[in-house]
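Below: one structure, written as structure tokens.
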Amino acid sequence: MNIAPPLAITTDADLGPLNTFGLPARAARLLRVRGEEDVRALLAEPGWRGEPRLVLGGGSNLVLRGDFAGTVLKVEIAGRRLVGVREDADGAAWIVEAGAGECWHDFVRWTLAQGWPGLENLSLIPGTVGAAPIQNIGAYGVELTERFDALDAIDLDSGETRSFDRTTCAFGYRDSVFKRAAGRWLVLRVRFRLPQAWAPVGRYADVAAELAARGIAAPGAADISDAVIAIRRRKLPDPAKIGNAGSFFKNPVVDAAAWARLAAAHPEAPHYPQRDGSIKLAAGWLIEQAGWKGRNLGPVGCYERQALVLVNRGGACGEDVARLAAAIQADVEARFGIRLEPEPVFV
């Protein structure tokens, strides 16, 4: 396929540095998308329509099982701005927009520096702004959906640019319409609603303990952000040093009957009642009870400080990760009758 300048296109591109697991893989073509015009130029190419495509953000939610025989679109769209202040039934809020290629953590810290709290519990989550709604991230008592306003995305099939609100994003637990239609949509920019009537969310046990240890009884948003950063750095490996994709499995959500069966044998199991009557379980606890915490299988392993994180001990490939994930799933299911679902996308 002939692509004319100014597109930043690379052939036989190395994807190793572009995924936080550090898995070896190459792409037939890599396009660095720095604006909507780059996507439109690519869509105008006659050979584009029929080939495989992969939209890539920070590569922190990805397991590459081998080379990719198509075009990888590496989203690097920058920009941050205050759109304005909106008054609605929920009160006044700052509407803040960021380009999809912005580093998520840097964006969070920037909003706090501007005096716009609301995203502090989501500090230090790896990845980009554009990937955050795709994965529907959440941590330490706050879900992205609580702060999400809208996003703009381009349909790679039709070339149409469309805006999505909470309803049309069809958010689910660590899920969205974009994740279910992988390769179709490229997120361009995301807008967030940050309430001016801010209140801290510090009820999560780890956050409360960290704040107490710091002697902070009335935390501000920056205090919560600092606490979350400290917790994550203690518990989770730095991808720059140890390859990983963060939390590898979703916390399973079961019905009351399934929880009753588990509680009869393991009343100590961590559990979190949901509004709809279901029960969210701690995948890390299930994995640890199955004996996997700190164990290795070939060049990959289960992190010794957090069983929910799978790590590349050095020289691993995507199939090694898939093999370990399957072994953990099988053991947890055999012991508890619960099937764990991976968070990362396998390609």
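Heads up, the Cβ atoms here are built off N, Cα and C, so glycines get one too.
According to Swiss-Prot, the feature domain 'FAD-binding PCMH-type' maps to 23-197.
Annotation comment: Swiss-Prot describes Arg174 (among others) as active site, evidence class sequence analysis. Cβ-based neighbour count (10 Å, all protein chains) for Arg174 (active site) stands at 21. DSSP assigns Arg174 (active site) to coil in the three-state reduction, placing it in neither a helix nor a strand.
Classification of Ser247 (active site, proton donor) by DSSP places it within a strand. The Cβ neighbour count for Ser247 (active site, proton donor), using a 10 Å radius and every protein chain shown, is 21. Swiss-Prot lists Ser247 with the feature active site, proton donor, giving sequence analysis as the kind of evidence.
Around the Cβ of Glu343 (active site), 20 further Cβ atoms fall within 10 Å across all displayed protein chains. Look at Glu343 (active site): DSSP puts it in coil. Annotation comment: Swiss-Prot describes Glu343 (among others) as active site, evidence class sequence analysis.
Across the structure, Arg174 (active site) and Glu343 (active site) are spaced 7 Å apart at their Cα atoms. Glu343 (active site) and Ser247 (active site, proton donor) are 7 Å apart (CA-CA, integer value).
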